[in-house]
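Chemist: Once you've had a glance at the structure underneath, I'll fire off some questions.
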Amino acid sequence: MLNGLTRVSTSSELESILDIVQSSGEIAVVFISPSIGDLETITSETQRRQLRIAGIPRGGYTILPAIPLYDDELLQMCERYTAANDYEKAQIRDSLFMREYPLFAYSVRNHKALFHPADYVSRILQFCSYYVQAPDADVLSLLDRSPFLHISPIKEICTHIRLIARGTPLAPEDSESPAPEQLRFHAESDAEKLAAERAGAMSIATSSGGASETEQLSLFSGVVPSALFQKDAVEEVDKDTEETMVDLTGEETVDAVHSFQAEYLTLDGLELVTKAAIFYDREGEGQRIVAVYIPGGVPEDTCRAAAAVLEPAATKKNLRALTNGGLPPDTGLVGYYDYLTNPTRHKCRETEFSRRNWGLLAQSEPLLKHLDKLYSQLAPMHHHLQKVAIPSQYQLCGTVFSTITVNRNFRTAVHTDKGDFRSGLGVLSVINGEFEGCHLAIKKLKKAFQLKVGDVLLFDTSLEHGNTEVINPEIHWQRTSIVCYLRTGLMSSVCEMERRKHLNRLILQQLRNTEVLNTTVNINGADSSLPPLFVPTRLASHLAPVQLAALGFIVERTEKQSGCVVAMTMGLGKTLVALTLCFSQLHLAPQADILILTPKPIISHWVDEKNKWAMHGLHFPHFVASDGLNSLEFEQQLLEYERQKNNEKPKLGHVFVINGEYLAGFLRRFKRFTPLLIIVDEGHRVAAKGNKLTESLDRLRCNLRIVLSGTPLQNDASELYRLVGWVNKGVGRVLPPKRFQELANDINQFVEGDDGAFYNAVMAQEYIQDWMRGFVFREMENDLPPLHDYLLICGSSDVQREYEEKLGLTETTMTALKATEHRPHHLSTHPACYLAFISDSYQSMVSGWTVRAQANTSRMRVSQLEEIDTMRLEHYVQMVENEQLDTFIDLSGKMRVLVDIVLRVQARKEKLIIFSLYVGSQDLIHRTLTALRVCTFTVRGRDSQDRRRRAMQEFSENKDLIVLVLSTKIAAYGLDFTAANHVVLFDSWWNPQVDAQAIARAYRRNQRKPVTVYRLISATENKFVLSSQTRKIALFKCILHERTSRQALPDELEDCAANEKDEERRSFWAKLKTTLLAGGTRALLNVYRYQESVRESE
């Protein structure tokens, strides 16, 4: 039924009529007929093009152009026009041609417009003016003659203004219109209501008291406002104790002071700058602007007018005593601030002074506009990046500033400013006073800048700076200065989610109790400053707050022609975020194309997600995926696209989901392919140096680039730099690669154990975080059940120790082994796995646990084993065949621990996933567990997508299937195994994010149980891998979790077996520690909590 309602074929005659409306701006009347189509066809195609439809004349329908203004803009314009005299009305009509119409550009995309949107708006204004003044008798007749009275928001606006002007209600009695300030629900009309009624009639429940499944799934049945969003996605407001008025003044932190002893600068050793100049931090490669000095940059009268309003903001209630010799100075904040560390629900909002004085602050607008203009002229790239980054609702007077620090008679000690946007600059100006000296000095430059009233300094606030001495301080002196900047905390995921909840509450307020009948809703419609964000009405309630916040972050960047990185921890639903973004973009630009690049194993996951959410309204005209399951269908879709590109058929939007290996061939075939949007899943791949994928993507003319990654840092910080630089090319011009690498080295030095590097590491960490916040949406936390993550150090049997000695394996020699040396890993699995590996006998092991070679080459390799090795291998095979399983298992510490874990999980009637990097280990584990009669299924990297899908379904539905054995590096991606709540990492890789991806197959959305992770580590071969992992995890925490972290030293790790809080688990650890392997070594030597392998600094 859904497909029938949402995918209708369109007649060529109807297409031609709608093309004319869209291009000419004229209205058209259509009637249901075989050549035009039925009502569903007409409404569906009209909606897709964003045209409007009215249910007149009788028996027919009138098609109108899209309205090129947001609802609140149109309301304000109509109110002004209806209240104006004839001369003023002419001026208003003339001014229509001087403004921009972004909605118009969207609605006529790929159609050459033959009319100016101002003409259409003028017609609406004139109609509204006539309607408001018309006699009651004429109003009634207008219902049958004017289609404007049948479309939203025009009919609501006319009603509202007439009611205020004349006290006469709107004549139409059949309209249950929401308030005129409602957000725009796309193409609301009489005709659409008729379609809704028809669909609703098809889905009425026949059973007593209950709704049928059809009714619940119908896209045309109404949605009550309370069901539009998840409950926790809507802001809660306690009217009795309104938290937005809580006084937090004085708790803001804007400085980073690096000593408890205040350091004051003097002019000694500093050059005094008095002439306009630009300063860089170094010569040659890697230089960047750190200061721009503009004496007399702002007229003095502009400064003093603003000072009269801003000076009262400077009080002694603040936390800046350390920058004033221990005494609180006169200082304060104006605008917006991020109270992220305060225990209040509303963390991102106006300062108290701003809340109380918004009306007066308008007098400071000329100053702010002037400073903003100077900034854009003298540091254009910094200004551009700041304009891209700043959320619209935090812009002061439409500038790139969110916050102003006001200082009065305050000679600051040496400090750096904390929390400023590092791709931008702070803008300092003295706006009032009589004084001598008190110059602003920057230590690194060895320069002091003379600042009098009207002088301006743009500078990098992360550099240590302070004021020089005041000359003749005994004479009464006065000095008021301001610093304007962007607070990066306002772009945090906390603020994004808070803002999203606030917008959702406004939407529900505007809807009041009106049932939502439309299939699509603009969830940004409550704030006209935000770009539109359309989502299917029935999908909105399935989007978690973090997903809605991520969508809001993305569309604000794309509206400003910038990309971004979406760094959400695995399992939070990045794919649904991206699909919803695609839906909104195609809703606004129905003929555009979108390119999604993803690893081949994940393509089927995208298809599954698209199909899963289709029942909630997430539909696309063409969704083309190269998943390899149906190559004929894929080719047919490409041929259809070719016909549309060649104008043989009407062009519709396409979403292409392809893997990077196919991209070059795709671009050769479609040489003029120009996507509106590029999304790269597992986007850390574009961070690699010399990446051919990046080279191919760079040839596409597309600025809107979105990177999705739960693990944007894989090995080092430079990867994040390359990611951000790829989504926005401008960042490299304000932070050169050489400078970023210096910062990364400071962090790495501390991460690797140099405690003396702590101060530099903290400074570098804060700088990088403040630099990337405008372009990286980070949400590394989740609200999933608890995760218990353990390191299990396993012993070695006597046979394993014998081979370790032969290989010369010690903790020291392991550090010298290459990553391609796999013998130690196979030996840690089991001696049988090691012997099979060096004899290349995998194939025969899989086929029947025999070492009989099938080819001369294999015979030669087997014969190269020493005689005792050959005998041992045959003996091990016989052990399994003769069901001497305990003896066989006790030859390996890892295998013994693994089997006991599996049997424990089986006894608890739970499920387990085992990840391993090596085919030999996977085979041995599978055979051993099968011999133990544990129902086990194995998925390897070479397995087809269909097999993987069947594995997911079987594992979820078959209660007897206890264990899945998966390939870590390949099968871990794109799979959902939340049926399991135990995960074993049988071996670990150098990159901890590979292991993290594996764990996320079970620990993700929809997981309802606590998850336990067991990382099996041998005493020798895996310890160096663990050391490499913890270093990278510490780096990851430093940069993405904002926690200064380092590797734990060996003596800092504490065995947790004895103090385990869970009694059953404590007993289990004790049992494993008393279990002996062949040769008498304990199977389990130590148990550590994995998170303790990385230490966070206070």
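Each Cβ is built from the backbone N, Cα and C atoms, and glycine gets one as well.
Quantities reported herein were computed from a predicted structural model and do not represent experimental measurements.
Quick paste from Swiss-Prot:
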type    : residues                                                       : note
REGION  : 1-540                                                          : region 'Thymine dioxygenase'
BINDING : His415, Asp417, His465                                         : Fe cation binding site
BINDING : Arg479                                                         : 2-oxoglutarate binding site
REGION  : 541-1098                                                       : region 'DNA Helicase'
DOMAIN  : 555-730                                                        : domain 'Helicase ATP-binding'
BINDING : Met568, Thr569, Met570, Gly571, Leu572, Gly573, Lys574, Thr575 : ATP binding site
MOTIF   : 681-684                                                        : motif 'DEAH box'
DOMAIN  : 897-1057                                                       : domain 'Helicase C-terminal'
Chemist: Whole-number answer please: how many Å between the C-alpha atoms of Gly573 (ATP binding site) and Asp417 (Fe cation binding site)?
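Modeler: Distance between the two Cα atoms comes out at 36 Å.
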Chemist: Helix, strand or coil for Thr575 (ATP binding site)? Use DSSP.
Modeler: helix
Chemist: Relative to the Cα of Met568 (ATP binding site), which of the binding-site residues His415, Asp417, His465, Arg479 has the closest Cα?
Modeler: Asp417
Chemist: From the Cα of His415 (Fe cation binding site) across to the Cα of Gly571 (ATP binding site), what is the distance in angstrom?
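Modeler: So the Cα of His415 (Fe cation binding site) lies 41 Å away from that of Gly571 (ATP binding site).
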Chemist: In whole Å, how far is His415 (Fe cation binding site) from Leu572 (ATP binding site) when you measure between their Cα atoms?
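Modeler: Cα of Leu572 (ATP binding site) to Cα of His415 (Fe cation binding site) measures 39 Å after rounding.
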Chemist: Could you tell me the C-alpha distance between His465 (Fe cation binding site) and the residue listed as '2-oxoglutarate binding site' in angstrom, no decimals?
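Modeler: Pair distance, Cα basis, whole Å: 18 Å.
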Chemist: Which residues of the same chain, at least 6 positions away in sequence, have a Cβ lying under 8 Å from the Cβ of Arg479 (2-oxoglutarate binding site)?
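Modeler: The answer is Arg408, Asn409, Phe410, Val430, Asn432, Gly433, Phe435, Cys438.
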Chemist: Can you check which residues sit near Thr575 (ATP binding site), meaning Cβ under 8 Å from its Cβ, same chain, 6 or more apart in sequence, and list them in order?
Modeler: His605, Trp606, Glu609, Asp681, Leu708
Chemist: For the C-alpha pair, I'd like the distance in angstrom between Lys574 (ATP binding site) and His415 (Fe cation binding site), rounded off.
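Modeler: Distance between the two Cα atoms comes out at 39 Å.
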Chemist: Can you tell me how far the Cα of Asp417 (Fe cation binding site) sits from the Cα of Met570 (ATP binding site), in Å?
Modeler: 34
Chemist: Just the number: how many Å between the Cα atoms of Thr569 (ATP binding site) and His415 (Fe cation binding site)?
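Modeler: Counting only the Cα atoms, the answer is 35 Å.
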Chemist: Run through the Cβ atoms and count how many others sit within 10 Å of the one on Gly573 (ATP binding site).
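Modeler: If we count other Cβ atoms within 10 Å of Gly573 (ATP binding site), we arrive at 20.
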Chemist: By DSSP, what is the split of the motif 'DEAH box' (681-684) into helix, strand and coil residues?
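Modeler: Computed counts for the motif 'DEAH box' (681-684) are 2 helix, 0 strand, 2 coil.
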Chemist: Let me check the 10 A CB neighbour count of Leu572 (ATP binding site). How many other CB atoms are there?
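Modeler: By my count, 23.
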Chemist: For the recorded ATP site, enumerate neighbouring residues of the same chain (Cβ within 8 Å of the Cβ centroid of Met568, Thr569, Met570, Gly571, Leu572, Gly573, Lys574, Thr575, site residues themselves excluded), in sequence order.
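Modeler: Other same-chain residues near the ATP site: Gly710, Ala1000, Arg1004, Arg1005.
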Chemist: Cα-Cα separation of Met570 (ATP binding site) and His415 (Fe cation binding site), in Å?
Modeler: 38
